[in-house]
């Protein structure tokens, strides 16, 4: 439907004002950001085209300015507004470790890291550094790319922990496929890191795999009881 043919009360801006943002669809919220259309097409049409072209809302945060401007009706100015809005959305869900977040279970880790890691297109190996009370003091990305047991060196993992005077760590990585089943390499990496941690006096509390809205804890699955 063209925006010009809508009753004023049905326009996205009016509906947001009177009914709240939750009453709007993804395309209507995008239309507000896009603001104006192009010849023969409304901002709502352009918003729908954007969603269809890039396979839905969750992919939009990965788009570059150049990607956004491939949609007719989205020039540099509009692309900058959209990119800024996507980044603000990400930052709103990013946890500030000054909040003194205490880890008591794998689900606590998932609550902190899921929004950051579930949509990453490359594998990331991340370490949460904890103090003696299991409060997160820092998050550090150790590696980006294709992970296997040979590229994750304990030296790099524990160097970060020693530098931060961390008493314990939790390691995480994501599976871009969304499947959180631990691979052989995941298990080998877990065992090696746990054994190195025991020698250094820095406890490895868990290895968590992040997928598409789900996670696997290698502690919960029993892999921390294994030895070579």
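Note: Cβ is positioned from N, Cα and C throughout, glycine not excepted.
Under the heading Zn(2+) binding site, Swiss-Prot lists 173, 175, 186, citing sequence analysis as support. The feature domain 'MPN' is assigned by Swiss-Prot to 102-224. Summarising the annotation, Swiss-Prot assigns motif 'JAMM motif' to 173-186 and lists sequence analysis as the type of evidence.
On its own chain, residue 175 (Zn(2+) binding site) has 123, 209, 210, 211 as residues at least 6 apart in sequence with a Cβ closer than 8 Å to its own Cβ. Averaged across the motif 'JAMM motif' (173-186), the predicted model reaches a pLDDT of 92.
Taking Cβ-Cβ distances under 8 Å and a sequence separation of 6 or more, the neighbours of residue 186 (Zn(2+) binding site) in its chain are 173, 207, 209, 218. Annotation note: residue 173 (Zn(2+) binding site) sits in a strand segment as assigned by DSSP. Shown for the domain 'MPN' (102-224): DSSP residue counts in helix, strand and coil, namely 41 helix, 36 strand, 46 coil. In the shown protein chains, 22 other C-beta atoms lie within 10 A of the C-beta of residue 173 (Zn(2+) binding site).
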